[in-house]
Amino acid sequence: MQKIKVLCVDDSALIRSLMTEIINGQPDMTVVATAPDPLVARELIKQHNPDVLTLDVEMPRMDGLDFLEKLMRLRPMPVVMVSSLTERGNEITLRALELGAVDFVTKPKVGIRDGMLDYSEKLADKIRAAARARVRQSAPVQHAAAHAAHAPVGAAPLFNNPLLSTEKLIIVGASTGGTEAIREVLVPLPPDAPAVLIAQHMPPGFTKSFAQRLNGLCRITVKEAEHGERVLPGHAYIAPGHAHLLLARSGANYIAHLSDEPPVNRHRPSVDVLFRSAAQHAGKNAVGVILTGMGRDGAAGLLDMKKAGAYTLAQDEASCIVFGMPREAIALGAADEIASLPEMSRRVMARLSSMGDRVQRV
């Protein structure tokens, strides 16, 4: 078996050593070289032709983002960003994902062995996913206003008939590559779109920054979900990185419920948990969407939604960074429709428009 060749770039010798120990402890990957900064990394890439690059976000001599932007333009390759848990680190990491990084992982905690096994498994999974990922060159980030301004003259709006009922919902799940996929789904949505609930595999600390970033790009309001808050049209609610997000009911209203129950499919938040709660409480009033990601989280839950009467969509292979979760959902027969990412918003809103303003009681 040919091992995945990894190049680790970090200005800390201790972190480079720890990352090397973790990666070399896996049976299917090996560190071919390490670099203290991007300038050294540039030469090592030429020498070793690695399959995956792990890249520190903040480094001397050349900023990690500057290096990533040049790399994705001149020699695109799978990159996993390594980030500190700071507000600045969160913002830089999200920008790195926009520039074409496949995924990110937080820095290992030096000298703390508790949780190291779990960290090692997560790092290895992300490297495996990156090695199989479709690398894309960075594209300009489009704001909602720009999206509307560039619509063809006379083109039909995404959503012709405003939904007067709060009963309709859009339920979304994603993992690797999902931050950019979610952005592409949300930005075109009109202000009167139904509420959107989102489970994206992401560690604590990043989901709030992710929501704030999307809120600045979208015509709907995007926020990190809070326990017990009412789910409203024109809003998107992102599961916090430390909790499962579930849909619940209080009378005629939908409510966001957060749970600290153990991880499901090794994830918290879990897409399956969100989808199953939507199947139970929204039924045929929901549209379920499963986007790019590694593994099978969400596949069974999407099938539950379909069985409950929801319309379900899966992202197609060609537009996925990692065609894992959608593949599993399609294999289960959970997807009513397979759509490319650029068409996903239009397909979702077309389906909701066909549902009209009729309130369908579960």
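Cβ atoms here come from the backbone N, Cα and C positions, even for glycine.
DSSP classifies Ser175 (active site) as coil under the three-state reduction. Take the CB of Ser175 (active site) and look out to 10 A: across all protein chains shown you find 30 other CB atoms. Summarising the annotation, Swiss-Prot assigns active site to Ser175 (among others) and lists sequence analysis as the type of evidence.
DSSP assigns His201 (active site) to coil in the three-state reduction, placing it in neither a helix nor a strand. Marked as active site by Swiss-Prot on the basis of sequence analysis: His201 (among others).
Within the same chain, the residues at least 6 positions away from Asp297 (active site) whose Cβ sits under 8 Å from its Cβ are Gly173, Ser175, His201, Val264, Asn265, Arg266, His267, Ser270, Val271, Asp272, Met325, listed in sequence order. Swiss-Prot lists Asp297 (among others) with the feature active site, giving sequence analysis as the kind of evidence.
Annotated domain 'Response regulatory' per Swiss-Prot: 5-122, in sequence order, evidence recorded as sequence analysis.
Annotation source Swiss-Prot lists domain 'CheB-type methylesterase' at 163-355, citing sequence analysis. Looking only at the domain 'CheB-type methylesterase' (163-355), the predicted model's pLDDT averages out at 95.
Close to Asp56 (4-aspartylphosphate) in the fold, though at least 6 residues off in sequence, lie Val9, Asp10, Asp11, Ser12, Ile15, Gly64, Met81, Val82, each with a CB less than 8 Å from its CB. Feature annotation from Swiss-Prot assigns 4-aspartylphosphate to Asp56.
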